[in-house]
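Student: Below is a structure I'd like to ask you about.
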Amino acid sequence: MLKGKSLLCLLDFSKQEIEKMMEVSFQMKNFHMLRSVPRSLDGKTVAMLFEKPSTRTRVSFETAIRLLGGNPIVLNKSDIQLSRGEPVEDTARVLGRFVDGIAARVLKHETLELLAKYSNKPTINLLSDLSHPLQALADFMTIKEKFGEYTSLTFVGDGGDNVLVSLMAFVAKMGLEIKIASPKEFKPRDDIMKRIEEEAEKSGAIIEFYEDPYEAVRGSKVVYTDVWVSMGQESIAEKKKELLRNYRVSVDLMRYASKDAIFMHCLPAVRGEEVENEVIDGPKSAVWDQAENRLYTAMSVLSLLL
């Protein structure tokens, strides 16, 4: 069903395909606990290309490849000819002759599209300026573990955030509900928001934007945030921080959520900026379980696509 496909954006997949990714993620977690992981990548090589630094994504993905019996090759941009001006298309053509799949963390989403097109090999988005699909899969895996179902959630912060785009894509495909508390200045790209809205209309999903974080969080079972300033946004850092200063997830804000609410963050966190220490280190925090689940969703996607 999924063999040979690329994972660039969750909007490219059907509800049934996303459900399959989630089902296999839970299976992989069980296999890992039992130390009986199927070696579905035996004899296969995956190139991992990084234009941006990575901790959780690199470690989880490289570990996933090895657990499945595959061979990861890690390529930092500074190590290869891309850093000297080689076109992405040429790099992709060459990698496609050597490896069975490509995974990349890139500055521009268009780079992923070129890698997929010219390598003719399954290509997996490890984060772009547009989206972070593997993160969203791990997030909803965590939510289902905590509540037994995919419950609604509230995102507090930058309304154009790349992780948020993937959360909205998952919600839109699966017919769920998400509230976004954000200054009106921050929204996803018009083209991607149009696709999300079209999918939401088909599935019955509810996606609502609020300017008041307290109103958005009221009664929510999941409160989610991300860093205010992403890599590559340093030139607008101070402006963003000023606009977002009232969108910090605090102990006070969490009081407005459901009594059994959890706090989520894709990490890394800037403590004291988008979240208070007392929240991320508190009893409602699910961030470490969330981070662990990155491994199992990576194993799922690799086994299904390659």
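Keep in mind that glycine also has a Cβ here, set from the backbone N, Cα and C atoms.
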Student: From the candidates R105, R189, R195, R218, give the one listed by Swiss-Prot for the same carbamoyl phosphate site as S54, T55, R56, T57, Q81, H132, P133, L134, Q135, C266, L267, R294.
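Tutor: Between R105, R189, R195, R218, Swiss-Prot records just one in the carbamoyl phosphate site with S54, T55, R56, T57, Q81, H132, P133, L134, Q135, C266, L267, R294, namely R105.
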Student: Please identify which of S54, Q81, N162, S230 has the densest Cβ environment, defined as other Cβ atoms within 10 Å, among these binding-site residues.
Tutor: N162
Student: Using Cβ-Cβ distances, find the residues under 8 Å from L134 (carbamoyl phosphate binding site) that belong to the same chain and are at least 6 apart in sequence, listing them in sequence order.
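Tutor: Sequence-distant Cβ neighbours: L7, T57, F61, I124, N125, L126, R294, T297, A298, V301.
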Student: So which binding-site residues are near H132 (carbamoyl phosphate binding site), with CA atoms within 10 Å, out of N162, D226, S230?
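Tutor: Among N162, D226, S230, the ones whose Cα sits within 10 Å of that of H132 (carbamoyl phosphate binding site) are N162.
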Student: When you put N162 (L-ornithine binding site) at the centre and draw a 10 Å sphere around its Cα, which of the binding-site residues R56, Q81, C266 have their Cα inside it?
Tutor: none
